[in-house]
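For reference, the structure is listed below as structure tokens.
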Amino acid sequence: MWWMLVLYQIIAYSSFFLSMTLNFYLMFLIHKHTGSAMKPYAKILLQSVFTDLAMSISVTFLQMEMESYQSTLFGRGSPIWFSSTNPLKCSAIPFGGMLAILCYWSTPLQAVFRYFLVCRRKVLPIYVTIAMQSLVISIGFAACFALYLTFEPINEAPEKLRLLKSLPVWKYELGVEENFCYANIQGPILAIACIVTVVLINFGFFVLLLTSWRIYVFLKASEAHMSAKTKELHVAFNKKILYQTLLPAFAAVLIIVIIGLAYFTKSFHSGIFIYLCVPYYMISFINPLITICCVRGYRITTTSILYRRKIPPSSECIAITKRNTLV
């Protein structure tokens, strides 16, 4: 079963490389190839890029590994940052919960920014979105700190160590005794922390749906007064927001499913929990990829680079778009 851990490491580092490459490339596109119609969105796009970069770096360095067996949750982080001598070595899973919340709220904040820009004709100051993100993080931090208090080092509980070592994935794994921590799944604090995490993520999903619906209604009512360029811009952002919602929504459902398995199933095939974090590795490179594909100006520039054509100025991308639409 050693291959499950090796595959997990390959996914983690491959996702990190793709995330760094695509996010820095998107920063280049935003800086050099953003047309006048896209300028109001540049700040929120940059904020989402920085969020994805921070997310990718944090998740890769965290390298959280989890397991659940007989109503006990086991977890550890990277030995580099959560070594046996680190007094915070049992904070890997709570820190991972914070990253899950931060990761998901990137898209709802973009939707809120767009709602004010489209429906209220107001550019929301970037510090407002940062304040909203900070509020969500503060609530999540309180829940995750309480979760941290429920974990204990596994080397202080020999029976829990024997339980973990009885599983095929961890039987011959090095550093289990030194780095793993455990918590009782049936404890009330763990249940409350999981509920808060799920509520925060689903509230973000509600905000995303509400703002997207109001934007859709507003655009439908104003469709007759829009130029072709404005319509195209809104279609691109509708696609971007929709596609960026799919993987985080899947990750949110995955959390609920695996928490449910841990609570109500005494034992199942070991190693499933290892892949709980995989969607969060992938989100940080899928988000910029979706932005590049959905915003036509960025897509035209990227296609020109790949096919070694002359890169059109950002103002010419709209003209190319119109010409392609007519054809």
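Every residue, even glycine, has its Cβ placed from backbone N, Cα and C.
Where the annotation comes from TrEMBL, it is an automatic prediction and has not been curated.
Annotated features, as they stand in TrEMBL:
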- 6-29: transmembrane segment (TRANSMEM)
- 41-64: transmembrane segment (TRANSMEM)
- 92-117: transmembrane segment (TRANSMEM)
- 124-151: transmembrane segment (TRANSMEM)
- 189-210: transmembrane segment (TRANSMEM)
- 241-265: transmembrane segment (TRANSMEM)
- 271-298: transmembrane segment (TRANSMEM)
Long-range environment of the transmembrane segment (41-64) - Cβ separation under 8 angstroms, sequence gap at least 6: 9, 12-13, 15-16, 19-20, 23, 26-27, 30, 34, 75-78, 80-81, 92-93, 95-96, 99, 102-103, 106-107, 109-110, 113-114, 117, 126, 129-130, 133, 237, 277, 280-281, 283-285, 287-288, 291
Contact call for the transmembrane segment (92-117) and the transmembrane segment (6-29): at least 3 Cβ pairs under 8 Å, seq gap 6+: no
